[in-house]
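Listed features, source TrEMBL:
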| type | residues | note |
| --- | --- | --- |
| REGION | 1-73 | region 'Disordered' |
| COMPBIAS | 26-44 | compositional bias 'Low complexity' |
| COMPBIAS | 47-60 | compositional bias 'Polar residues' |
| TRANSMEM | 91-111 | transmembrane segment |
| TRANSMEM | 117-140 | transmembrane segment |
| TRANSMEM | 201-223 | transmembrane segment |
| TRANSMEM | 230-248 | transmembrane segment |
| TRANSMEM | 302-322 | transmembrane segment |
| TRANSMEM | 328-348 | transmembrane segment |
| TRANSMEM | 368-394 | transmembrane segment |
| TRANSMEM | 400-422 | transmembrane segment |
| TRANSMEM | 443-463 | transmembrane segment |
| TRANSMEM | 469-488 | transmembrane segment |
Amino acid sequence: MTATAPCASEAHSRPARCAADEPRNSNKTSSETSNTSSNTGNKIGTRHTTQGQDPMTQATPDPLAGDAGSTYAPLTPVPDARRAFGTGDAFALWFSLGIGLLVAQAGALLVPGLSLAHALLAIAIGSAIGVVLLALAGVIGTDTGLAAMSSLRPTLGVRGASVPAVLNAVQLVGWGAFEVIVMRDSADALAKQAFGFSMPLIWTVVFGLLATLLAISGPLSFVRRFLRSWGIWLLLAGAAWLTWNLLAQHDLAAMLRKPGTGEMSFGGAIDLVVAMPLSWLPLIADYTRFGRRAGETFRGTLLGYGIANLWFYALGAVYGLAAGGGDALLTSALAQAGGGLALLLILIDEVDNAFADIHSAAVSTGTFWARGSVPMLSAAFGALCTLIALLVPMAKYQNFLLLIGSVFAPLFGVVLVDHFIVRKRRIEAAALADLRGRYGFSAGWHLSAFIAWVIGIAAYQAINQWLPNLGATLPSLVIGAVCYLVFVSTRRTAYA
């Protein structure tokens, strides 16, 4: 999870998911290859080079990345036949992932420090910025057909991409455990209210097992069989119920007139809102690699996550203000306000966030561990997340998770500039595992990209310490992007 993702009593970022497929047939005729390249190249902008896997790559397995399971192999570009996601699929998936209790909790943090009117304005601005960046990152997955961490090889180098892959796997385990804890606590609160009993141990195992089974099944099955069929309708019903209850039970006009206490700056509020969509940057390509066209991926993500982020940040802010401010009483306020059934529906949907964390942890690991299949790794990470949720106090893990998360905003500033401006959305699949090829750089490490990334991380920490009211997420992303562009500007022709 990227950016400043607050935790427990703060906003929480999180992650996403899956990977690729059987390798393309490398024995196509030249006309077939041309047609395939033309079809898969019909993206938002410039075409990328062929997504086919080079025979030399097949003959010489990559010691750094491995197979990781034939269906979701991170370094195998998804072939056209398996690119099943259109605009509707992308919308359903990202609308679902954008709605959740953690998003509402993040919205509740904006008040009463800001007035409700200013909080809603910050939500609108932050959502617009964050969701556009998220959708652009999603285009990389559709352009390349690669899993998120694998798609970083052209930017960081064949070996260099292993660094964020390891960090991503570590943070996703933490956030997966935290999602299980959130679901457990919410379900236990609802059970106490409805039936008068508490069984947190059982809830932990149930939600951990459910998320793990979904992660093993993969995103193609999850989106088509669950989300598009009935999951999104449950979600819409729950969200609509909560919204109707809010408008029926509370004087919204009076709350809009109430001034803020001044404890939160407007810039800090925007940064808090931006942090949530940016927290999905290290994962989005795990989904969007299955997109048919980049334009469909972009529109579906933009609309799905954009609407969800606006809706639930706003709900969280209003319900939080009605509960007295902050997120501490938000869940009980939602339940006691007549939204118990709606909250239950939202809670069921929250499983998809844990599923995304677990599955993407497996895919990230598959990019640097040759022997692990994605289903096997998903089962292992699901068990680990459940065990952590049972045994580890998350309060002691939060700062570590946030520190790791902070490195991804500047990283994706570098990645977005490299993909869209420097390489003009082109990629050579055959060079992804070749230390002597285009992405070999210096012994597999692209030093210019790493220097720009480190500068962005330093900027993030400096802004957080000395200008906390400004918000560090977006500035660090921009600084990393600008530094990288300056470093490679003299060598731009090498990517043409």
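Cβ coordinates are placed from backbone N, Cα and C, and glycine is handled just like the others.
Curation does not apply to TrEMBL; its annotations are automatic.
Because the structure is a prediction, the values reported are computed rather than measured.
Stretch with the largest number of CB pairs closer than 8 A to the transmembrane segment (469-488), among 117-140, 230-248, 368-394, 400-422, 443-463: 443-463. Long-range contacts of the transmembrane segment (302-322) within its own chain (CB-CB distance under 8 A, at least 6 residues past either end) are made by residues 90-100, 103-112, 116, 119-120, 123-124, 126-128, 130-132, 134-135, 239, 242-243, 246, 250, 252, 255, 258, 273, 276-277, 280, 330, 333-334, 337.
Counting Cβ pairs closer than 8 Å to the transmembrane segment (201-223), the top stretch among 91-111, 400-422, 443-463 is 91-111.
Sequence-distant residue pairs (6 or more apart) of the transmembrane segment (400-422) and the transmembrane segment (117-140) include at least 3 whose Cβ atoms are under 8 Å, placing the two stretches in contact.
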